[in-house]
Amino acid sequence: MDKNVNSIHLLVILCSLSLSFGQPHPLDPLTPSEISAIYTIIKSSQLASAINSTSFGFHYVGLEEPDKQTFLSWHSNPTAHPILPRQAFVILRAGGQTYELYVDITHSCIASQRVRFGNGYPVLNMEEQNAVTLLPFNYTPFVESVKKRGVELSDVICTTFTVGWYGERDGGRLIKLQCFVAGETANLYMRPVEGITILADLEAMEIVEYADRFVVPVPAAGGTDFRASRQMPPYGPRGNPVVVAQPEGKGFTVYGNVVRWANWAFHVSFDARAGLVISHARVRNEDNNDYRSVLYKGFVSELFVPYMDPSEEWYFKTFFDNGEYGFGPLSSSLEPLTDCPPNAEYMDGYYANGDGSPVHIPNVFCIFERYAGDPSWRHTEILIPGKVLLQSCLEKSFFFTIEYKIRNVLQYNINNKESTYMKNGSVVANCAAQSMENLHLAVTAEIGIDMQITEAREEVSLVVRTVATSGNYDYVLDWEFKTSGSIKVWLCMFCGLNLTYSFIITVQAGLTGMMEVRGTDYSHANEIRGEQHGELVAANTIGVYHDHYISYHLDLDIAGTTNSFVKANLKTVRVNGGKTPRKSYWTTVKETATTEADARVNFHTAAPAELLFVNPGVKTKLGNTVGYRLISSSAAATSLLTDDDYPQIRAAYTKKQLWVTPYNKRDKWVTGLYADQSHGDDNLAAWSMRNRSIENTDIVLWYTIGIHHIPSQEDFPLMPMLSCGFELRPFNFFDRNPLIKTQPFIKGRWAAT
């Protein structure tokens, strides 16, 4: 297509995305001024007067998005629709009760409100956590316990641990505290004050239970600090710097929160509970230049981390990081050149503090193009005579190099009208342009092989990254978009022991940081007696066994909202009485899930299958149903807890990696809206028991990455990055491989211009 036509097409699209200057996109996160306005609206409302409370505790303030069909209708023709009103959903605590409010920001009023009754409590806010962690330092029994351990009180730091639910009646908003010793190290998580249990009331702000059952040594500070300035020789290896350069500039654009790159367009947002949210992801078909939808919304719905120590000091450590703490406040400001490469652009995030004021997180996301020298596709063809290649290159008039074997190279420069065949650096033959056939014959005779055709394209992708630091663990969350149409989702974990383009979307998660560790008397493996629920990773330090379950909400809209889930089961067929020696083959038997029960998948027990999400009403030119396939990673652990264990009741969805439900705007969180001290009666597994129809309708994929973590000494004092993820990959979404027409970095002439 003509470049001018492409430019006009892009401008039309960009104009259609903007209502007018100063008007937010309907999916944009709340701005600082909007968060402040929400506080003012609530404080001046009749609700505030009726409660007669001097202060509210804000626990969630987020955008109340327009209904999906309303948004899609607006997006199809923004100029023909009125500006969509801005609304917010707010959860606050006041007078010992939980309130749910829908605030109309556009008209400065509360649209609706209600008192919420039921199991569970909202996300903790930072103010109450900071306040409750100070209580032990004015509590005499705790001061005595610290003194008994020979530790300076000024070196002690305490933090909050949610209590979970274990069958008891509602005892109010309670929290447990565990304390650590910093002192000579920044790695406080490697130095727990073991044996002490503290239970506090978040509403009364007082300690209600205290126990000091035993004393074990606080692990030594030596060798725990991770800061470069504190390391002493001998040092580890140092590689040479690798420079990232884009001499022609960045290949993506950001307009507000809308990102455009190659054949992708999508919206990026920040939410106080989910953190990074990807919305309205669409990919362009190069044949007709039209965008087709792939993903309406994707985000981390929950991160469940249960520890495997049933002792009094540890049994309650079964955390729901999103639902109890919120990924928003846990999000870190990204460090240029460390968290993200030099070619990255950054976006900021805002959330409401416990007092309702906006909190700014600079550089909460980074966006960058990634190229690691890998090909997106390649092929070497040795069966076609080299004459075809030489004549083709002669017609297109550009310099080329063909490798036959190592250091056996034919070079031909059209402009200089000469060609040279070099073998191990020595000139073997010089031929004029008119004698290409003779040159081909001479080279073939000399090295004994025919000339080859090699073609390849560079693998370039676009990455959107965020990092959430949940206490001791750091989670690096990547959404990687490829021009092949794939989306890869990656998680990279760091812990301190708590202990070219392809149309793919890759979602990656990485873990790093410190493990959760337990103090112990043991300093050598030979001393250990009995079950320790972990591994000895350093002197007086047990890295406790635990799991990580990262659950994604993926509202797929494959070429529209009417989708189905299809399992293409691989079936072995026996050949009886065949005309060839073959005894068997495999084929596919496709099964369309009609209800939610049909769509629950445990990868360990299910038969081999391709997992497809298709739009039955849209076909390729060949008549195939368009779709995307889910490609899982090796991180596919499911929960090993018994079904009657209380943490498992609350996280029943972790028994299977894949669930599919009909779309419901309110179903966002796999653990339910109120995860703290929840009872498991409002989670994904509970919703799915309704067994609703999911065929040929708007559906949501829920996918859980699972990791069983057995700590090792290499995880001490800080765990190297552990990466896992999954991929959403086109399956008959295009009429052919869209990468064939991808232009290489070193541009030659195309067959047509």
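Start at 1 and count along the chain as shown; that gives each residue its number.
From the backbone N, Cα and C atoms, a Cβ is placed for every residue, glycine too.
Feature annotations, courtesy of TrEMBL:
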type     : residues : note
SIGNAL   : 1-22     : signal peptide
DOMAIN   : 25-114   : domain 'Copper amine oxidase N2-terminal'
DOMAIN   : 122-218  : domain 'Copper amine oxidase N3-terminal'
DOMAIN   : 244-382  : domain 'Copper amine oxidase catalytic'
ACT_SITE : ASP321   : active site, proton acceptor
DOMAIN   : 454-739  : domain 'Copper amine oxidase catalytic'
ACT_SITE : TYR473   : active site, schiff-base intermediate with substrate
MOD_RES  : TYR473   : 2',4',5'-topaquinone
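Of the recorded residues, TYR473 (active site, schiff-base intermediate with substrate) and ASP321 (active site, proton acceptor) place their C-alpha atoms 11 Å from one another.
The 10 Å shell around the Cβ of the residue listed as 'active site, proton acceptor' contains 23 further Cβ atoms across the protein chains shown. Summarising model confidence by region, the domain 'Copper amine oxidase N3-terminal' (122-218) averages a pLDDT of 97.
Counting residues of the domain 'Copper amine oxidase N3-terminal' (122-218) by DSSP class, helix then strand then coil, yields 26 helix, 29 strand, 42 coil. Counted within 10 Å of its Cβ, the other Cβ atoms near TYR473 (active site, schiff-base intermediate with substrate) come to 28, all protein chains included.
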